[in-house]
Every structure is written in structure tokens, then in C-alpha cells.
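Pulled from Swiss-Prot, these are the features on record:
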| type | residues | note |
| --- | --- | --- |
| DOMAIN | 1-76 | domain 'Ubiquitin-like' |
| CROSSLNK | LYS48 | ubiquitin cross-link |
Amino acid sequence: MQIFVKTLTGTTIALEVEPSDTIENVKAKIQDKEGIPPDQQRLIFADKQLEEGRTLSDYNIQKESTLHLVLRLRGGVMEPTLVALAKKYNWEKKVCRRCYARLPVRATNCRKKACGHCSNLRMKKKLR
């Protein structure tokens, strides 16, 4: 039987499958056509994410059904070098108390004309 897989870019892929095919087999066929690794694929049908190890017939997927393909988002811990870089560019700043302009740590006066280049500066508050 033929099913369709719609990607986020709007393209539709036609796949030739059997009702007894597992979700892993479908993901492997998508990898053959699109080059997306199976571990990054998430298949959605009838507002449900399809679990690996189950078959198409388990989800009542019939001929000419459309599955939706979305990519898995990977999260994790930031590397220490990226944290240091974020601190340098976002946290280690001074702020003008009058116009709230962000300034470098070594600044003594504000760079904005709106507050008259005042010297009333404070360190930017840390995130909690």
C-alpha cells in the first residue's frame, strides 16, 4: 500500500509500505529518500507520535494515509566555553540608570545623548 509523509517544508513523500511494517522500517525508508537519520525523525499520525516497535496496523494507518514528519529537538548542557562566552556578552555589562543602555564593563559614562552622557551606571543584574 502507499502512504504519504509530509515534511515541515511542505514536501510530500510517497512510500510503499505494508500494514505489518514497523515504524523503524518506515523511518529507514524516509532516510533512504530524504537522508534524515531515523533517530532525528518523529512521525505524527492523528495527533499521536508513533512509537518505534509498533506497526502501521497498530495505529490503524491505511492506504493513502498521511503521516507528518517533524525533527527531534536535542537539548542538553551548554559547554563551559559557551557559558563563559554568554557571560561575557550578556551578563558582564554595565547599565545606565537613566536610559537603561547596556555598556561595557570598563565604561565610566553612558554613550547615549538622551541621558546627557551621565556617569550614573550600575552592573547588570544576574539571572536567577
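Any Cβ shown, glycine's included, is placed from N, Cα and C.
Keep in mind that what you see is a predicted model, and the values were worked out from it rather than measured.
Each residue of the domain 'Ubiquitin-like' (1-76) gets a DSSP state, and the totals for helix, strand and coil are 18 helix, 25 strand, 33 coil. Of all Cβ atoms in the shown protein chains, 9 besides its own fall within 10 Å of the Cβ of LYS48 (ubiquitin cross-link).
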